[in-house]
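In what follows, a structure is listed as structure tokens, so that the remarks can point back to it.
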Amino acid sequence: MHKGIATVCLSGTLEDKLNAAAAAGFGGVEIFENDLIASAWSPEQVREHCDRLGLSIDLYQPFRDFDSADPDTVRRNLRRAERKFDVMRRLGTDTMLVCSSVSADAVDDDELLAEQLRALAERAGEHGMHIAYEALAWGRVVDTWERSWEVVRRADHPALGLCLDSFHVLSRAQSGGTSIDGIAQIPADKLFFLQLADAPHLNMDVLQWSRHHRLFPGQGSFELAAFTSAVLATGYDGPLSLEVFNDVYRQAEPGRAAVDAMRSLVALEESLGREPAPASPPELTGYAFTELAVSSAADHQVARALAAMGFAHVGQHRSKPVQLWQQGNARVLLNSGTDQATAVSALAVDTVDPAASAARAEAFLAPKVPRTRGAAEADLSVVAAPDGTSVFFCRTAAAEDGWMSDFILTGANSHALAGLSHIDHVALAQPFDYFDEATLFYRAVLGLAPWHDAEFAAPFGLVRNRALTDARGLVRIALHGTVLRRGDWAPGVPDPQHIAFASDDIFASARAMRARGAPLLSIPDNYYDDLEARLELAPDLLAALRECQVLYDRDDDGEFFHFHTEVLGDRVFFEVVQRVGDYSGYGVANAPIRMAAHRAARQA
Ligand SMILES: O=C(O)c1ccc(O)c(O)c1
Ligand SMILES: [Mg+2]
């Protein structure tokens with residue numbers, strides 16, 4: 001389908017926005033008048049530039065509050081509209097957006113409102129143009145799509161139709177004010193335009209919600225696929241046009257934001273099952289490995305910690321300063337060949353079809369990471385996640401030509417000295433500005449689904465957590481970040497990252513690691529006193545938790561046990577977890593305890 005984007009979604013001047021939209025592969029744009037008025041280009045020059053870029057101008061939005069109880073205001077608005085039809089002719093566009101009025105003098109009479117819109121449509125028709133009428137959720141009188149349809153139906157003019165905007169419809173539907181049920185019955189020739197935006201569920205003033213928090217489809221919680229399907233069921237075949245007002249995207253580099261936006265439409269089309277969509281995500285079977293870039297100073301520190309946790313140095317890369325450490329099926333690469341401070345530099349997922357995974361990543365515009373590779377080394381596909389972490393597609397089971405054959409085995413044994421079996425999850429702090437982009441990236445590229453969302457009060461600020469996982473829970477990625485960053489007081493671990501390993505006997509793992517001298521994190525006694533008060537744990541269990549410094553959580557599905565190492569380098573630590581029953585969370589309730597404990601450990 002024809003994909004468009006409103007200029008309000010992107011940062012910069014009109015020229016910046018058009019160039020970014022075209023580079024990301026959009027076929028059209030909606031131009032908001034302010035962008036044109038501030039442009040040094042004449043409407044003809046804008047049109048020529050769009051032609052050169054292969055962009056159509058699908059819609060022009062020149063003004064608000066058209067209708068009025070005051071006849072003189074209506075007369076002036078009609079005169080102004082005539083001038084704008086002229087601008088639209090010069091731009092080469094034929095659809096004008098008119099939103100329902102938010103003004104105190106908005107017409108509160110469907111018949112009169114229909115008459116005023118008919119007068120506008122009559123003039124538009126004379127210029128070969130159309131009016132798309134849109135109900136704003138906070139419109140003074142018309143605030144649902146049903147009411148806007150009633151008015152358009154009454155006006156009964158061929159040059160007047162509807163613009164549906166998913167935000168207005170779905171935000172109102174959340175509070176029960178409207179529903180998508182009747183949309184499919186709108187005649188296609190009366191549906192002139194479709195604007196798409198997602199949003200997180202928030203309980204706040206709808207105008208503020210719309211102006212600051214809209215998101216690209218797939219980044220929020222709205223049912224965009226159901227909404228869009230209802231619209232397409234009418235027979236609508238106009239543009240799918242993104243209209244996202246968002247504080248981050250309005251400041252972000254427009255080229256990158258436009259790619260993110262395009263990714264959201266490709267994903268939406270896939271969920272509609274209409275287009276020749278990218279092949280569905282190949283099944284993931286777990287983590288092949290996680291790679292840490294280690295600074296030379298921390299190099300030995302991380303290796304020592306892994307050894308004390310029961311890992312063995314089982315392999316050395318043939319051509320790079322990279323070590324493979326392994327315990328059970330948990331594999332960690334230590335790469336000392338970068339100049340980076342110690343950090344998670346790559347995730348490698350095991351997929352049943354690495355080539356198909358890579359093709360899917362390409363279809364979703366994931367940036368490829370160029371690699372150097374020695375003779376006879378595995379040809380691995382790598383893309384960059386929004387925070388810069390490399391994502392590899394591997395198939396560890398394919399022993400002959402798999403990634404592990406790039407390593408010369410040391411002969412060390414990888415049996416589970418401390419009971420670790422595999423990587424349970426990887427947790428990555430996200431820069432605030434990339435949080436939503438990262439959600440969509442992992443959702444689209446890896447086919448993960450957003451799972452647990454949580455916000456919690458931590459010692460150094462509110463933290464937002466979002467975990468994404470595949471259907472079987474074999475690849476879990478936990479994203480987190482501060483909701484707001486202010487000032488430079490930074491006593492916590494800056495942008496922490498951790499790798500969590502699974503154990504099926506957490507106490508045995510903790511004891512084994514302690515005996516081997518692992519740098520495990522101490523937990524305050526207060527925590528265990530509170531656990532006892534809250535959860536009435538059996539005395540033996542509580543004693544074991546306290547002795548082993550293990551944190552505990554439970555919910556209706558099961559129980560969760562976990563403990564952590566101290567921070568290695570500036571920001572990385574390890575976690576060991578045990579899931580019991582169907583517990584699928586991450587012990588978020590304990591995160592503030594862990595953060596305070598990391599701070600205390602650094603001061604000690
Ligand atoms: O926030 C607004 O004013 C506004 C303007 C135009 C739209 O299409 C819309 O959905 C909202
Ligand atoms: Mg809109």
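Glycine too: its Cβ is placed from the backbone N, Cα and C atoms.
Noted in TrEMBL for the protein shown:
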BINDING   E134, D165, Q195, E243  divalent metal cation binding site
BINDING   H425, H498, E575  Mg(2+) binding site
DOMAIN    422-566  domain 'VOC'
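All features noted in TrEMBL, drawn onto the structure.
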| residue | record | CB count, 10 Å |
| --- | --- | --- |
| E134 | divalent metal cation binding site | 22 |
| D165 | divalent metal cation binding site | 25 |
| Q195 | divalent metal cation binding site | 24 |
| E243 | divalent metal cation binding site | 27 |
| H425 | Mg(2+) binding site | 22 |
| H498 | Mg(2+) binding site | 23 |
| E575 | Mg(2+) binding site | 21 |
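Excluding E134, D165, Q195, E243, which define the divalent metal cation site, the same chain contributes L97, C163, L164, S166, F167, H168, F193, L194, L196, A197, S241 within 8 Å (Cβ to the Cβ centroid), listed in sequence order. For the pair D165 (divalent metal cation binding site) and H425 (Mg(2+) binding site), the Cα-Cα distance reads 37 Å. A Cβ distance below 6 Å to any atom of ligand 2 is met, among the binding-site residues D165, Q195, H425, H498, E575, by D165, Q195.
A Cβ within 8 Å of the Cβ centre of H425, H498, E575, the residues given for Mg(2+), is found for these other residues of the same chain: D424, V426, A427, A478, I499, A500, F501, F574, V577, Y586.
Ligand 1 lies under 6 Å from the Cβ of D165, out of the binding-site residues D165, H425, H498, E575. Considering only the binding-site residues E134, Q195, E243, the residue whose Cα is spatially closest to the Cα of H425 (Mg(2+) binding site) is E243. Secondary structure of the domain 'VOC' (422-566) per DSSP (helix as H, G, I; strand as E, B; remaining residues coil): 45 helix, 55 strand, 45 coil. Rounded to a whole number, the distance between the Cα atoms of E575 (Mg(2+) binding site) and Q195 (divalent metal cation binding site) is 44 Å. Averaged across the domain 'VOC' (422-566), pLDDT for the predicted model comes to 93.
Between the C-alpha atoms of E134 (divalent metal cation binding site) and H498 (Mg(2+) binding site), the distance comes to 47 Å. The separation of E243 (divalent metal cation binding site) from H498 (Mg(2+) binding site), Cα to Cα, is 36 Å. Between the alpha carbons (Cα) of E243 (divalent metal cation binding site) and E575 (Mg(2+) binding site) lies a span of roughly 41 Å.
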